[in-house]
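If you look up TrEMBL, you'll see A:12-42, A:73-105, A:106-135 marked as domain '4Fe-4S ferredoxin-type'.
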Amino acid sequence: MTALPETTERKLGLVIDLDTCVGCHACVTACKGWNTQNYGAPLGDDDAYGAAPSGAFLNRIHSFEVQPDEGAAQTVHFPKSCLHCDDAPCVTVCPTGASYKRVEDGIVLVNETDCIGCGLCAWACPYGAREMDPIEGVMKKCTLCVDRIYNEALPEEDRVPACVRTCPAGARHFGDLADPDSDVSQLVAARGGMDLMPEQETKPVNKYLTPRPRDEIDVLAPFLERVDEGPKGFLGWLDRALERL
Amino acid sequence: MTTPKIDLHPKPGDRVAKTTCYMCACRCGIDVHLKKDAEGTERVAYIEGNRDHPVNRGVLCAKGSAGIMQHLSPARLRAPLKRTGPRGSGQFEEIGWDEALQMVTDRLGPLRKTAPEKLAFFTGRDQSQSFTSFWAQAYGTPNYAAHGGFCSVNMAAAGIYTMGGAFWEFGQPDWERTELFMIFGVAEDHDSNPIKMGLGRLKARGVKVIGVNPVRTGYNAVADEWVGITPGTDGLFILSLIHCLLRAGKIDLDYLARFTNAPVLVNEDPKSPEHGLLLTDDNGRALVMDRATGKPASFDAKGVHPDLAGKLRRAGLTHRSVFQHIAERYLDHAYAPEVVGPSCGIAPERIEAIAAELAHAAFDKSFELDRAWTDFRGETHRSMRARPVSFHAMRGISAHSNGFQTARALHLLQILLGSVEAPGGFRFKPPYPKPATAHPKPHCGVTPGQPLDGPHLGFVQGPDDLCLKEDGSPARIDKAFTWENPMSAHGMMHMVISNAHAGDPYPIDTLFLYMANMAWNSSMSTGRVMELLTDTDENGDYVIPNIIYSDAYSSEMVAYADLVLPDTTYLERHDCISLLDRPICEADAVADAIRWPVVAPDRDVRGFQSVLVDLGARLGLPGFVNDDGSAKFQDYADYMVNHERRPGVGPLAGWRVGEKGLTHGRGTPNAGQIDAYIANGGFWMEHVPENAQYFKPWNMAYQEWAVDIGLFDKATPYLFSLWSEPLRRFQLAAEGHGHRQPPDHLRARIKTTLDPLPIWYPPLEDGHADPVEYPIHALTQRPAAMYHSWGSQNAWLRQIHGHNPMYLPTELWEKHGFQAGDWARVTSQHGEITVPVAHQAALNRNTIWTWNAIGKRRGAWALDDDAPEAKNGFLLNHLIHELLPPKGDGLRWSNSDPVTGQAAWFDLRVKVEKVPAPKQSYPDTGRQGSPVGRGPHRVAQQVKP
């Protein structure tokens, strides 16, 4: 079994705005593109052009419908990847020490050379955020693009996770959630950012901003006042209005 | 525990090549990271957005990032193909390019000398229309168009006829300054990244978004308020908003008087041959009453104050201002919210509330932008007055048979609010604004062995401009620009195959298609189109004698071609995204871009445009050969640099040669131009001067800047056409005036639908398909992560959208007792399909829908036969005919907009029944042989040095 650090120096993570996410999957393929080419084994696709294609993705979008008591049903797009939990059960369950949480920034990673592909971590993760690579048989998960965020081969502005860099709507934010003054912490404070499934007591680092209220139709708001009834009355108003121009 | 060592600084590649994406029509800038593999061959390793690019500013959508898998698709064609089996079978032999090009030349050369109109050349989602049309014009056939006729011509034509520009490529909301954004009928495309980026910016500022769409996905999911309208009733809803605004006087009178034809005088005499036309002076300039003098004056005279309430009696004829017609029509109780609400499926109070919100944003939140400007009457304005309410719309309103007038209604709404080209409103992108009168008219004059007498497509101004032969029959194979659809500005590609098969208006010899999957998702009634393509005459010859097709991939249409010319992928080719074509400008900047081969093809394929350059030379077409008959251009890149459309104006505006060295806009060709583009990231951009950025149609600073840069040759300020004279001229003909007369059976329809002011009428299918028997509306939309049929060959994207159930609303779901995993038979007047269903609550109660073009024919796209796309996937197209069902009058009416001929995809009415789950979806269109085999079982995409 593997130990978690008592604390981490920083808590790097994502803040995902569900009010803004249009469910376009841009983050999904940007992630796949970067991470198949970089950290560890490529993200494989089995039966790629067949009946049941099954590939490893580190980030997926799920779409849900919400039916309020009154008013129209709503659609919520929900991107989901590893939440880099402080109390990450996927780490403590790992029999080989392959899964670990970094002390310096809190990122949860899999050391693929030590991973035996037993799948216990995927079973332990309450969010379903880990995926076994169908070709290599090693466990894959979001690395928070650890090989981008410090990467001196990239321009400084590109040192963010691939999903954040690509998000067209700007619904994904990256930063240090341990620093109350960081942009992401400020955003979480302003918008009431939430933990996903807090009852699991995993203390996720990633936060979600919930959709603002929809379809709030103010039935008491004043309608437009009529200038006059009928075309003739309207033309009378028009003459007066034109005089004032 | 020791922390494992990680490489924190991997280089994404050995070098970056900056080019333009082609995973959809958005044309974002991309950074392609190239890396050498173990053999030292450079391969594509990673694709991300170009931060400097005006379209996407660094972001990239799901399709764009998955472009690497399109580039490596197993469905890529490998060499020219000559058909060996029957059409549709997919049996081919690979041949060399010399043989392929000789076959084309041997066929098209003699045809050009005898009957060039027997070549029908149509392109699909091609982004080189100014080039392909130039080629077709040089060949001499009138039968050329691209896919606009079945896509969104209603939107483009209504915008250009009304205000000299439309949505998407023509203009955009003023994202930074708008205070309310309303979006009609937009699925997650058209355009893609810019709308998402804009919505994100609005969300960050807390600006309200209202989404009008029967389906609540994508952009409508994040809208603060969703209006789940009944399909086909958007126009009625909009006219009711106009009714509410007029009734309350919440319109911009000053703007209407200055910048629109609202004050222009209309001939009121029903007996006059000019009844309903606008009064002009001897120089043809529209006349208004001047409030200052009380006398008629030319609209653009210095110091004139046009009177919206003007009246004039002259030569015994009464004239009244357009605005009085507008008030009279839309104040009518027929447009009151309580009258139209039930038809639209919207509560009347909600219509009133939205009208109040529009007025509040436009007038109560108005502000002055501190920029002085001078208008075309010479008047200087100290500031720019904002009307911060903006709109966007797309195919949801345009793909109906009332779509042209609906789009016109939306523009009328924008203009009444004074928001077009005002800060916070809707802004044109150069080279727009450009009124319909500044566009060419359509040409159809054929002389064997000679070029056509002018450009094929354009904007008619009245019956004289129709493409009719002397006997009144259609001059074009698609019957565009005829009385059935006089203003078909983009042609009517969806009619080509059925007309060619019927030999109506005349038989053709060769159907030459590029990038248009006409045997599948780009045709109405797909199964029947497959029959038409394979039908033989009494001699056993194909009715459509010769089919040539160019595509990069093994699509369904490939199987129906006699000769296939394999195109490259988008990373292996030259292209120009040109100001002569469908440009990528922003409201504040003029821009164009290129594609260039960032990797070399590893197959015997050629970029289609270079093939056309070669064929043009082989056929000796003017513009493609020198005086001595030698080839004028080596390839498309050579054409991009050296072709001049007008002196000093070529396909690319950046880095031309001026008198004092390199310049932009006008200039002579520069041999180093493409290298300059590559060095600049694949695009050229120049900003519009600050005082020219708003009120562009009337702002002399903009007009003069546009002339300088070569967008047009002379300043052409104009008025917005709330009253559309071209429409009225067709009505006049239908009333019996003029020498060119419509056939009698069309008179009533022309009188009704070609109204010079926006109107609403029910979708035409409602008059043919019994609404009681077929009570449900059926739609498709495109997912954000998939573009047409191209996506299914992409190993990553097909894992996101490999299935397309028919989504059913709650009431229908429960009424039929559907459960998850059930199937339904969906029937229209024309056909039936049997398909998997799923429940969606956030859906108009009388509407069902599915994702477009996920379904595939077995054997196509290098997919396995049991791939879900081929087994359970389906097309709605089988339910839609290009003609409406007979209604007993002995005629077959086209399933198109009667103004523009736009395919009315979304008029479809169906009924739904639960059926036992079959083994696959129906109809079964059989399987085609694959000239490329099947894709690999496993993919692990990593370039290893």
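Here the Cβ of each residue, glycine as well, is placed from N, Cα and C on the backbone.
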Exercise for review: Using a Cβ-Cβ cut-off of under 8 Å, list the residues of the same chain that are 6+ residues beyond the ends of the domain '4Fe-4S ferredoxin-type' (A:106-135) and lie near it.
Suggested key: 8, 10-13, 40-46, 54-58, 80-86, 88-100, 141-144, 146, 178, 196-197, 200, 202, 204-205
Study note, to complete from the structure: The answer for the domain '4Fe-4S ferredoxin-type' (A:12-42), taking Cβ pairs under 8 Å and residues 6+ beyond its ends, is 55, 57-61, 63, 75-79, 81, 83-84, 105-107, 110, 112, 133, 135-136, 138, 140, 142-149, 161-177, 184, 187-188, 191, 193, 204-212
Check your understanding: Can you count helix, strand and coil residues in the domain '4Fe-4S ferredoxin-type' (A:106-135) using DSSP?
Key -> 5 helix, 5 strand, 20 coil
Practice item. Work out, from DSSP, the number of helix, strand and coil residues along the domain '4Fe-4S ferredoxin-type' (A:73-105). Key: 4 helix, 11 strand, 18 coil
